[in-house]
Amino acid sequence: MLYKGDTLYLDWLEDGIAELVFDAPGSVNKLDTATVASLGQALEVLEKQHDLKGLLLRSNKAAFIVGADITEFLSLFLVPEEQLSQWLHFANSVFNRLEDLPVPTLAAVNGYALGGGCECVLATDYRLATPDLRIGLPETKLGIMPGFGGSVRLPRMLGADSALEIIAAGKDVGAEHALKIGLVDGVVKQEKLIEGAIAVLRQAITGDLDWRAKRQPKLEPLKLSKIEAAMSFTIAKGMVAQTAGKHYPAPMTAVKTIEAAARFGREEALNLENKSFVPLAHTNEARALVGIFLNDQYVKGKAKKLTKDIETPKQAAVLGAGIMGGGIAYQSAWKGVPVIMKDINDKSLNLGMTEAAKLLNKQLERGKIDGLKLAGVISTIHPTLDYAGFDRVDVVVEAVVENPKVKKAVLAETEQKVRPETVLASNTSTIPIGELASALERPENFCGMHFFNPVHRMPLVEIIRGEKSSDETIAKVIAWASKMGKTPIVVNDCPGFFVNRVLFPYFAGFSQLLRDGADFRKVDKVMEKQFGWPMGPAYLLDVVGIDTAHHAQAVMAAGFPQRMQKEYRDAIDALFDANRFGQKNGLGFWRYKEDSKGKPKKEEDAAVDDLLASVSQPKRDFSDDEIIARMMIPMINEVVRCLEEGIIASPAEADMALVYGLGFPPFHGGAFRWLDTQGSAKYLDMAQQYQHLGPLYEVPEGLRNKARHNEPIIPRLNQPVRLVL
């Protein structure tokens, strides 16, 4: 053994060939700060071996290196810029030493090589991969850019266009594509990986392969003519501006850095990468996006822990077909859980099956499946008008009309048709689970399972724990949701649960703005372009359905009369009374017509102004900041109340529910991350300017207490990571 560290070791393999093996404690290798330091120490030993002929890098895990240790990132971002820059110089000196070894080097890459793992293998001369390879640089998705030489080496290896596509989009690619673009030099079966790697190294050692020529382009300026460079970078910047926009600075910074570094050799290019990386690491966007990643891991880990002793349902059922029922049935069948879809009439069943078939055909058109797979999946959805087969199902979700009487009747009837241990769930969006459970003989086997529309796209499923819901019931529904590829988040029962409970105060803020003379078009524009929502409130209401929102608004007002009971007729009432229900009938705040692809396209409709004038004061202008404040304060206050009341268990789960369920702008990181970025004291000052607007603008007492001491809601890291140089 030449060297033994905590996460890697160095040893002789055969005949002058050494192997550097990544073998961290635990299930995966990560390129954390300690591993970078250990790699430097291993190279120091290696550089003293005069009989060294070649070096093989490999992993003892199922994946090569899954990336940097993202749990270090938030504390790493606290490191002062000068110190962080120094550490990056050190880290890059380690990878440069690997690249500069006077012998051929090869990385035998199995499974994942992402982020720092990818940058590590880019420093070797050859890369041999297994068929399960996923390799790429996802850093821009975390608000940063490659910092270990990825933005320097990848363009010089692949050419500007392929490298820009991977780096700017934060992409990873599979083995076949990596081989095609030159990111790896060969693909071999896992059992032949080491044998093949040694064979390549031997050819390099004997001179049959020119490893020096392979290495040289990575040390030189990017080989592009002025015209080629202008075309590549102009197109890349245009694409990034269109897709990422101003709220996500990392992709554009990465493209501009690669462009600026193109005319330099390795050392100066790495300096430019360093100068770009460090400021990005200190942005609110980076903290927010890394926070989302960590929150996502926390939420999924919690779901896994809750279901560790639970068997995933093998047979499911959906009550109520139509678009929603068909979407749920499709998602279950697509992910391998056969489903019975029951309704009381053929028309609805046909609609549900048509929806499932439409979604499967889209997969076929995209080349994700073939006709055989399509037929196999659709055959596991069984439409029925009766309860045949319900004695074999493990879990049933009810998705009938949002009417408590109807839901109670359907659930009570179904309970008599299933086994005693079968779990029942309701896809209600606002009706308290306790109310629906009152119709059941076994309320402990019942909970809420709130899907978001469209089911196949929206990641979130709210799992609502009723007062009598058992832990096993909750775990079974979590297991099914996870199997369906969803992110389940458990919330406690109340009107609207979590997501809709905090959404309707946001809509109330919108209604008050319109009442006071705001133009809904400007509000939509500000909330989309400035704050970053995918849809402004008027557009969102049209998509949800004005009739649906009108009904839900009444449910919320009954549940929280002190805050959500209206004292005036608002814009939603006016549109509802005029039968303008949104996209579903082509008229809402906006007018909708089908585009060439059959999708609804919004257009202005002057008639709506006369309608809204009856519930609004004369038009007046509001600043962007005032619109954002008046829209967001009611939502943020309600989110805080939900945490204080135990409706949602943690800030992490609240933020992920809003990002995955409502499309809360990821660069803000969620409601609590946004609140902490503002600072609780600053937020309180802002909210107090609008408290005259009513109870929705009154800051909860718990948040007031934190504001007095300017305390964060998300626990704040006090210590930056200790960097080893």
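Cβ from N, Cα, C; glycine included.
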Per Swiss-Prot, what member of M324, M353 joins D343, V400, V401, E402, K407, S429, N453 in binding NAD(+) at one site?
M324
Among D185, D208, D210, D296, which residue does Swiss-Prot annotate as binding substrate at the site that also has N500, Y660?
D296
Among all the protein chains here, how many other CB atoms are within 10 A of the CB of N453 (NAD(+) binding site)?
15
Between C-alpha atoms, which of these recorded positions comes nearest to D343 (NAD(+) binding site): E139, D296, N500?
N500
What does the structure give for the C-alpha distance between S429 (NAD(+) binding site) and D296 (substrate binding site)? Integer Å is fine.
23
In the structure shown, which of the binding-site residues V400, V401 has the fewest Cβ neighbours within 10 Å?
V401
Taking only the CA atoms, the spacing between H450 (active site, for 3-hydroxyacyl-CoA dehydrogenase activity) and V401 (NAD(+) binding site), expressed in whole angstrom, is 13
For V401 (NAD(+) binding site), which of the recorded positions E119, E139, N500, Y660 has the nearest Cα in space?
N500
